[in-house]
Ligand code: SF4
């Protein structure tokens, strides 16, 4: 029987993992047997996870289609409670109808709502997008600002959207994007959000920023989001295909080699 593409990719990616990463994997995997206290956020384990993710998802980028910081801001606002695939279906007509922040600022709200209706919560999203467009036009000369402090002044923009736009468009690493996938995988991999009181996106982001080197913040979020979509899905994660499996001790695992 032919193997699924993801299985072939997963196995090939595991073969490419370097010797130090494999050694770290082995030490973590055998930690219980040697009686040593397992530390899921040890530098060694985090480095091994980062290396495996980078090799499994080389050059991965944001899945939302965009041609400017403003388009990415709009697409990210639309992606709340909606799939990126759905957002990508909606944005071509939207950006054709309203090609600039100025055009969004002057748009008729019912027309804007109609164009984004299928993304859900369309009335709130339309208000946020138009509000954000007005602030961009009136306060920032028509350009999306490049600091977290400023970008958070746009209606409908919270830290997640700020991190997406600053990281993916401007390549400025001020934080880690924490969406539903990053939340779930951070917990499963015991990197963050595992203790009571540490499960909000803000706290998970803060904890991830402490253990992940800043020059990996942008790529790490993209890699984890892709892993969460393709392999470590919410229900029935595909652990048998997972390149991180030897490092994972999640109780959600559907298959284990150790
Ligand atoms: S082993 Fe399973 S639960 Fe752990 S990260 Fe991989 S897919 Fe997710």
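Using the three backbone atoms N, Cα and C, a Cβ is placed for every residue, glycine included.
When the candidates 82, 232 are compared with the [4Fe-4S] cluster site entry in TrEMBL, which names 239, 242, 248, the shared residue is 232. One way to see the shell of the [4Fe-4S] cluster site is to take the Cβ centroid of 232, 239, 242, 248; the remaining same-chain residues with a Cβ within 8 Å of it are 188, 231, 237, 238, 244, 245, 250, 253. Around residue 232 ([4Fe-4S] cluster binding site), the same-chain residues six or more apart in sequence whose CB sits under 8 Å from its CB are 181, 184, 185, 188, 238, 242, 244, listed in sequence order. Averaged across the domain 'HhH-GPD' (78-230), the predicted model reaches a pLDDT of 97.
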